[in-house]
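Participant: Per TrEMBL, the features are:
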| type | residues | note |
| --- | --- | --- |
| BINDING | Cys3, Cys6, Cys18, Cys22 | Zn(2+) binding site |
Amino acid sequence: MSCPICQKEGDVKYRPFCSKRCADVDLSRWLSGTYAVPSLREEGEEEVARAFEESLRNASNEALDAITKKPH
Ligand SMILES: [Zn+2]
């Protein structure tokens, strides 16, 4: 399954996305969609993704780590 964001091959860890970043981009797209941000374009996505990651980190750093760094 290819990544819906960048069309690269998906990573089983983040499927259907290829990386956490693309998963975040998708999520921030979805979130920003609820606010109908008209200027969200290719360049904006990265900023949105970064801001979103930061807010996640601030909100629940430990919880996020638990989700993304599951030991095998
Ligand atoms: Zn991707």
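Quick reminder: no glycine exception, Cβ is built from N, Cα and C everywhere.
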Participant: Validating a neighbour-count step here. Other CB atoms within 10 A of the CB of Cys6 (Zn(2+) binding site): how many?
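Facilitator: The answer is 13.
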Participant: At a 10 Å cut-off from the C-beta of Cys3 (Zn(2+) binding site), count the other C-beta atoms across all protein chains.
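Facilitator: A 10 Å sphere around the Cβ of Cys3 (Zn(2+) binding site) contains 20 other Cβ atoms.
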Participant: Taking the mean position of the Cβ atoms of Cys3, Cys6, Cys18, Cys22 as the Zn(2+) site, which residues outside that list, in the same chain, have a Cβ no more than 8 Å away, listed in sequence order?
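Facilitator: Going along the sequence, the neighbours come out as Ser2, Pro4, Ile5, Gln7, Lys8, Gly10, Phe17, Ser19, Arg21.
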Participant: Look up Cys22 (Zn(2+) binding site) in the DSSP assignment and report helix, strand or coil.
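Facilitator: For Cys22 (Zn(2+) binding site) - judged by DSSP and reduced to three states - the answer is helix.
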Participant: Suppose we draw a 10 Å sphere around the Cβ of Cys22 (Zn(2+) binding site). How many other Cβ atoms does it contain, all chains included?
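Facilitator: Within a 10 Å radius of the Cβ of Cys22 (Zn(2+) binding site) lie 22 other Cβ atoms.
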Participant: Sort out the sequence-distant neighbours of Cys18 (Zn(2+) binding site) for me: same chain, 6+ apart, CB within less than 8 Å of its CB, listed by position.
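Facilitator: Those within reach of Cys18 (Zn(2+) binding site), by Cβ under 8 Å and sequence separation of 6 or more, are Ser2, Cys3, Ile5, Cys6, Lys8, Glu9, Gly10, Asp11.
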Participant: For Cys3 (Zn(2+) binding site), just give me the three-state DSSP call.
Facilitator: coil
